[in-house]
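Here the structure comes first, spelled out in structure tokens, and everything after it is commentary.
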């Protein structure tokens, strides 16, 4: 009986195997750090107490941070779904799915890229009459609207082609970029569809380059008249057009099969009203969709995150519709994956270990993070519903057979425009208790956290075939700025009334509180890291030893803590599919982020709390110039522009280079090797920082391309580094 009951589940959960090695590693690291603390206390140097205490406090911080990582990664869990059982149990009695795609700028996020995402969502392996795709265009661009109109026409031939030949992925751009090996049996149709796509792409890109729509095209659809009264992208009325009405019996593809509902929305924007960035766009979509399709499940994706797995919807439903295990599941989060990182991932964009191990560990500790894209939600949990035993089992039959709205398309459009107006949210709970939270740079994280505090559970699901694939930053500055926003937003939560240790107390498990605080402390990491890679180097110039002699037994815990940590990190990175060179790039990027992104994120947070600055949402560019793309593919680090972050990086790199040369000079001039014995640890540390910064030195002195370090940054960093070394030496 028990076996029969277990086999009836739609998904299963398994703990990670082979964690005993990690547990042994964690215990040994604890012992070594305890020995380091004993050394710091026993051999305290009163003459250099400032430097000594700084290192001691940094080591205490690193130990605390390692403890958080250790708790989170103690027992990762992995989920496996049984989609065939879902079909056998429910057949076509499946709930409606509303898919939200958000875009904000037709220049940074080209319309053709957005349309590839939209088309991939329309082509899910799911009853099309139960799919509704909504595009939120916060750029209010008629170019994006035109692209969507073109996509609605192309969908009539694309969807049947995908069904017939089981196409993967279902983004036309991605599919035709890497055509399947077995296309010979449908070569003629493949060529025909590709030609139609290229023609559509040409029309969209031509209009985008011109920056306007021809009058001939404008006359083809009434929706273009909406732009006659648009003042600017930040000052316009609500523009809402139902391009495909799923209720219309004539809305069919070339095979007579129904098409998904397709809706374009540019919510109202007025200069005197706060629009709350992506959170405001999502909340407008929640309200508008509730009137048009009211799907029980909501999927939201960024405009560059196309569907890479046509069964992702069915996978997610296995977690929502299991009769015994799903009563309190609020959302299912898929990890972010990218299609453009280089082989060795020069900017560490994949965050492979975080995605594969850390987020799975958070899942076992009480819940997955909501990361803002690739996430399936129950609609009612997004709208503020609290978990209770009384309403924990939805009637999926009724959800699957919701009565369609009887109003005409025109009446629906007019009615829904009010729901996306600037004044609709006044004196309501939207952005506070309902929808996505306002006032935070990481509105997705705090929204998921609030949902969990209302008693709901979340799922992290990482299938073998990636569900969503997007575009990663292609320059160093883009990556650093992105991490600055993430780290600043996490610290913002920690310093607010929603601090995990206060607001989350008795609402979520302690381990999950620790998990959220791990990311909140990203910014604080900057101080310990900055101290450790600058002060020992400067002290080397001055002849101040901060570590045990190389001949002393006390050097063992320091050496073990460092090399064991790096060795395990390398093994873990290789285990998740990385390369040795990729691991080295990843180590470099963590140093770069800790010394720039997190430093500026912390500073901006303090300035905001003091009232000197306001939070601003920065969109990461999704396209790159040809020469930038070429250097990215060749894994050449891109600098190219002047930035305070680059000044910090270059100054630290030069400071360590000068100190390393000074340390070697001391060793060479010392005939009795006493200097080497005394300063070996500092010289090695300094040398490792120099190795990490090799691309920075190349950008400063040896490159002539447009991606080199700007001259202004070079001059400033040389002056700052020489000044610091001069002060330290004397």
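Each residue, glycine too, has its Cβ placed from N, Cα and C.
Caution: TrEMBL annotation is automatic and unverified by curators.
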Correct range for transmembrane segment (source TrEMBL, candidates 606-629, 678-701): 678-701
Which listed span TrEMBL calls transmembrane segment, if the choices are 540-563, 564-587: 540-563
TrEMBL annotation (transmembrane segment) - matching range among 479-498, 639-658: 639-658
The transmembrane segment (713-729) touching the transmembrane segment (639-658) per 3+ Cβ pairs under 8 Å rule: yes
Rounded Cα-Cα span from residue 278 (Mn(2+) binding site) to residue 444 (active site), Å: 9
Seg_contact(the transmembrane segment (540-563), the transmembrane segment (514-534)) with at least 3 CB pairs under 8 angstroms, min sep 6: no
Nearest-integer angstrom distance between the alpha carbons (Cα) of residue 278 (Mn(2+) binding site) and residue 138 (UDP-alpha-D-glucose binding site): 8
Rounded distance in angstrom between the Cα atoms of residue 302 (Mn(2+) binding site) and residue 109 (UDP-alpha-D-glucose binding site): 10
Distant-in-sequence neighbours of the transmembrane segment (49-72), which means Cβ under 8 A and at least six residues beyond its ends: 26, 29, 33, 36-37, 40, 358, 361-362, 365, 511, 514-515, 517-518, 521, 524-525, 527-528, 531-532, 535-536, 539, 544, 546
